[in-house]
Amino acid sequence: MSYKSGFVTIIGRPNVGKSTLMNQIIGEKIAIMSDKPQTTRNKIQSVYSQEDFQIVFLDTPGIHKPKHKLGEYMVKVARDTLKEVDVVLFLVDEGQKIGPGDRFIMEQLKDIKTPMFLIINKIDKMNQEILNEVCGLFEETGLFQRIIPISALEGANIDTLIKQIVSFLPEGPQYFPSDMITDQPERLLVAEIVREKLLHYLDQEIPHGIAVETSMMKQRPNQDIVDIQATIYCEKKSHKGIIIGKGGRKLKGVGKSARQDIEKLLGSKVFLELWVKVNEDWRNQSRILKSLGYE
């Protein structure tokens, strides 16, 4: 039996369920999930292995019109990834006709020779008539080799999606060990978990003005405890107070929720300290972006 392997990227407008889809396939929380757009900032590499194939998923930031240096970085990562892969999955939301955001992305795709699948997400929320209409609209573009409706949250049709991806992969080597699910360092995953909790707890105007850096992560000698310090950067002094909350309650809530997920990730008890620092306009400062892992 021949072994197949290759690289797949998931693209789409911000917040259509790209991270949810990848986490559903891999079976672990690898990419940050939030109800706020543009939550994926780094190219997350995840691995799905079976006996006769291996798929390496690159979950990129949503393609959008950038407003600052961080936004430019996010869009550049997404565009560059299209050139590196064997299959592109274009994920769209349920019940929405082709809007300006989708047209903008398809403009970026029209000269790409990589096989492309249209993945219609959240079919659990739409009826067959709407689904047929959405399929027809995208089929008319002639961009897609496959159109596959799914529910990333509930896992509907994920098996079909995997089979179709594998059918387009070339024969190739096993790039990663079969038990490996991500190449992301634990420090980055810890920072992403903290940022996810901040996105959940904070008001709409603040989340994309924050970043999280794991400044210290150390196993206690002869103990099943990991000490972690994470620094939360925000752009305004007023935001620092909002993040901390009255009597520190909001930051404590973020810390408690993050600690529980980090303990699941590491399989150890965790002592987590969170610090909040003001760094004005960090999203436009190349030095700061580089220190936070944005090349």
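We number each residue from 1, going along the chain as drawn.
Placement of Cβ uses the backbone N, Cα and C atoms for every residue, glycine included.
Per Swiss-Prot, the features are as follows:
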BINDING   12-19, 59-63, 121-124  GTP binding site
DOMAIN    4-171  domain 'Era-type G'
DOMAIN    202-280  domain 'KH type-2'
REGION    12-19  region 'G1'
REGION    38-42  region 'G2'
REGION    59-62  region 'G3'
REGION    121-124  region 'G4'
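The local packing around K18 (GTP binding site), expressed as other Cβ atoms within 10 Å of its Cβ over all shown chains, amounts to 29. Note: the region 'G4' (121-124) comprises 2 helix, 0 strand, 2 coil (DSSP; helix = H, G, I, strand = E, B).
Ranking the binding-site residues G12, I123 by other CB atoms within 10 A of the CB puts I123 at the bottom.
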